[in-house]
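Quick look at what TrEMBL annotates:
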{"type": "ACT_SITE", "residues": "S39", "note": "active site"}
{"type": "ACT_SITE", "residues": "H66", "note": "active site"}
{"type": "ACT_SITE", "residues": "D157", "note": "active site"}
{"type": "COMPBIAS", "residues": "15-30", "note": "compositional bias 'Basic and acidic residues'"}
{"type": "DOMAIN", "residues": "27-208", "note": "domain 'CheB-type methylesterase'"}
{"type": "REGION", "residues": "1-30", "note": "region 'Disordered'"}
Amino acid sequence: MTQRDGPIAGTGLAGHEHGGKGHVLEPRKSRDTIVVGTSSGGVDALCAIAKRLPANLPAAVLVVLHIGSNDSILPSMLQKAGPLRADHARDGEPLEPGRIYVAPPDRHLVVTDGVAKTVRGPKENFARPAIDPLFRSAAVARGARVIAAILTGQLDDGTAGFAAVRACGGLTIAQDPADAFAPEMPRNAMRYTPPDYILAANEIGAMLGALAGSPVPESVPPCPAGLVAENHAILAPESIEKMPEKVAQPSSLTCPECGGTLWRMDEAGPPRYRCHTGHAFSLESLGAATDQVVEGAISEALRALHEKSAQSKLRAAYHSRLGETVDAERRLSEARRAEASARALEKLLRGEE
């Protein structure tokens, strides 16, 4: 187990929780909201955590696993693994301590006004459900009451949300990359936000049990205004179109999902981009999405070139039957050029020089 330097004496909590310039005083509350995000290898990690959560956990647990639109039996697996009830979250359901709420297929899970909401909003980081919307909404809605854990996974969904939880006064836990099936996700989160704790998956459940219910500091940082505005826009779809101009600057890049202009988010954390439709990307997920677009475009061009070659050969045969040898040779030359171009594209798809 690794804990960030600078704990507050006698609490085991990290030093960023001290009051200071820009902080606000609030009535004492407890850490009652746990958010967990994961992707590749996440089922085993989540079950290891659920197994070690106490039956009387004084916090609600909200979980996002990248499942896309596929059916999921994750709630039943988590309920069998540990003592807590686990279900797919229902839209508008009040959050209760001692329960696990799992993002349903093809829906973002977010927190607002003490309830769970499931929304079919724009994909973030090429995913729905995505981790960033959960972490960001919990940070804005519950501030220092939040404990966020980022687990095994590829790319960097959750990196911005992890930073948002810290910015709003919450605690952060990262699975040790050396313990993760896919270390990229926790490693990327740690790159921008040094976590309060770095733990193996089988240690995280007990730590969550120890931290849940602990009092938040008397002074907490206010959530950044841009973060609040972004969260409001995503929860109110009619606001999405105008949101980028409020919190972002236009870039020369285009959205790989819809083709619209991407706006660079104005924030100190990891670089992120949004379009007017609401699609959001980190640099890593933008690169991965663009790779898919490029591969699709090359595949489409390859198909067209093969078709061009076949058609040119048919036309050459037709001219030959008519004795038009010059035209026949011209069509055969077209076919050879198309085949040469196709071979070059095939090498690109295979990653060859």
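Placement of Cβ uses the backbone N, Cα and C atoms for every residue, glycine included.
TrEMBL annotations: computationally assigned, not manually curated.
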Pick from S39, H66, D157: which of these active-site residues has the biggest number of other Cβ atoms within 10 Å of its Cβ? D157
Please classify the secondary structure at D157 (active site) using three-state DSSP. coil
Give me the CA-CA distance between H66 (active site) and S39 (active site), in Å, as a whole number. 5
Distance between S39 (active site) and D157 (active site) at the Cα atoms, whole Å? 9
